[in-house]
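The following features are taken from Swiss-Prot:
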- H58, H87: heme b binding site (BINDING)
- 1-141: domain 'Globin' (DOMAIN)
Amino acid sequence: MLTADDKKLIQQIWEKVGSHLEDFGAEALERMFITYPQTKTYFPHFDLHPGSEQIRGHGKKVANALGNAVKSLDNLSQALSELSNLHAYNLRVDPVNFKLLSQCFQVVLAVHMGKDYTPEVHAAYDKFLTAVAAVLAEKYR
């Protein structure tokens, strides 16, 4: 459960992400593909080289979806419903992969936010990304 303080920290950091959506999303995907190579199986049609247009494009989609979730912190299920349906019913992505990508996104934030990525921010984003992963996995039950 996100507290009012968590929500405030999440929104403050997300404002700083702003113009870096595509970069951060792509970097998170690249980190996931390197750290968890089994995740590449869901992208057989992608050029998986770092910086490829396909990774950058999908990274932007990921970051935009997270941005949408940040705007809807009080109703993540509704905000992510279509995305959950897509991944569960059409793409059939193993839901464990949402957690893996969340971890990689945390690393990207920590690297780029520097001293602004305090332990409190880390904890808030951990709760937020865990909630996002749980919502995306809801349709699998």
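Placed from the backbone N, Cα and C atoms, the Cβ positions cover glycine too.
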Name the residues of the same chain, 6+ apart in sequence, whose Cβ is under 8 Å from the Cβ of H58 (heme b binding site)?
-> G25, A26, L29, F43, F46
Count the residues of the domain 'Globin' (1-141) that DSSP assigns to helix (H, G, I), to strand (E, B) and to coil, and report the three numbers in that order.
-> 114 helix, 0 strand, 27 coil
